[in-house]
Structure formats: structure tokens, C-alpha cells
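Trainee: As listed in TrEMBL for this protein:
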{"type": "TRANSMEM", "residues": "38-57", "note": "transmembrane segment"}
{"type": "DOMAIN", "residues": "72-124", "note": "domain 'Trichome birefringence-like N-terminal'"}
{"type": "DOMAIN", "residues": "125-240", "note": "domain 'Trichome birefringence-like C-terminal'"}
Amino acid sequence: MASTSRRWWWWPWATPPPFSSSASRHHKGEGWGLGGPALVKAVGWLLLAGLLFRVLCSFPSSTSSPEISEGKCNLFDGEWIPNPSGPAYTNKTCRFIDGHQNCMLNGRPDMSYLHWRWKPYECELPQFDEVRFLSAMRNKSWGLIGDSILRNQVQSLLCLLSKAEEPIEVYHDKEYRNRRWHFQSYNFTVSLVWSPFLTKSEVFENENGQSTSEIQLHLDILDPIWTSQYETFDYVVIAGAFYSY
């Protein structure tokens, strides 16, 4: 049964890290790719980190750092700094990164883009605690609604949480766009709801997924894919991303 006190947050875009743009088509190493375009993944990481941090701070803990528990801190006012310890996960440690998202396996020769972390000016952002998060979310459900950028963030979330427990996929549609995972020990559910435009849309594609006509958007009608089920979740994350051409 979903909680009646649902939580809604909006997070702004932040400055991307200084990633290297070099790449090679001939590299065949197994790699440490985090997946997806570097800029999109970086922004996704920051937004996801902010949301998870906000959720964790909603629950008391005797191990909270003094920097966070005293005063205020704008998590989105900061800078990217070198992180010698590297990422929290890689394609070798997380099975939720698809092959086409593996940057190193698909030709990226450098690994410098993996060694950055976000540092707020006013405080120290602690390392994500997957056990504490899952404990806080016991008997809860998350619904994440959006497009492929949000899907990347869901994969990042699953990679982080799988360090504590591997979730079981309990549902997917024919196209694997709408999916649901369950963390049994915590009775915590993560649902990915595919709604790339958030409004009702008509997409015309052939059997190969290639567009055959312009997409028709009905801006006065929300997409029933998500409006028919968002009230069943305890927490809802709605993507607000944009594309540049």
C-alpha cells in the first residue's frame, strides 16, 4: 500500500566535469566504462547523487558527518575535483550497464573521466551508503518516469544499490522500456516508467525503429502511461531533461 505522504523535489542542472574528449575506434580493451555519453552521465550522476543525499538526510543517523548535520549546504554549488580512488562501480562490477554503454569496450582509450567527483563549496559530500539507503527505503517503492537519460540514472542507482544486494527484475514489457526491480531483503521496489515526452505522443516508426514521420505531441494531455500509476509509488522522480541539436 503506497504512503499518502508522497515526496516531490526538483533539481536544477549543474556544471559538467572537465572530461577528456579523446577517443579511439581501434582500442579493444575490456575497459572501465560507466556507460553513455560522458556529459549526460556526469549530469545524471550529479542529479541522482543530490536526490539520494536528500532522501538519506531525511532519516536520522548516528553516523552523520558534522559537516552535513550543522548548518546548510547547497549541494549544487561546487566544482569537480580529482578523485584518485575512482568510481563507485565499473562495467566489471555492475551488470546493469549495457554493452553499447561501455565506453572503454567501445573504443575510449583513456580512463581519466572516471576519476572525478563533485565537491560542494560549503560541505563535504559523504560517500554514498547503499545499506543505509536501502534500510531507509524498507517497504517503499520508487517510480522513475522519463526518457533514456533517466534510464541511465536508474542504471546508476541499481549499480550503487547492488553493492549491498542484487535486485531481482520482476517485470518488463516487450521492448524492455518499462521495467521493475525488487530488493527482497528490504522489500524495496524500483520501477522505470518509459515516458520520453511526459505528454501524450504519437510516434511513427518502422519495424527497425526508424522514424517515418514527425512525432505528434499533445501538450494539453499528460501521458497516461505514468498518470495511471504514479499514485502507487511512495517516491516519484520525473525527468526534466532537454536535448540540444
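Cβ coordinates come from backbone N, Cα and C, glycine included.
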Trainee: From the DSSP assignment alone, can you count helix, strand and coil residues within the domain 'Trichome birefringence-like N-terminal' (72-124)?
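Mentor: So the domain 'Trichome birefringence-like N-terminal' (72-124) is made up of 6 helix, 10 strand, 37 coil.
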Trainee: Let me know the model's mean pLDDT on the domain 'Trichome birefringence-like N-terminal' (72-124).
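Mentor: Here the mean pLDDT over the domain 'Trichome birefringence-like N-terminal' (72-124) amounts to 89.
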Trainee: Would you list the DSSP helix, strand and coil counts for the residues of the domain 'Trichome birefringence-like C-terminal' (125-240)?
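Mentor: So the counts come to 28 helix, 40 strand, 48 coil.
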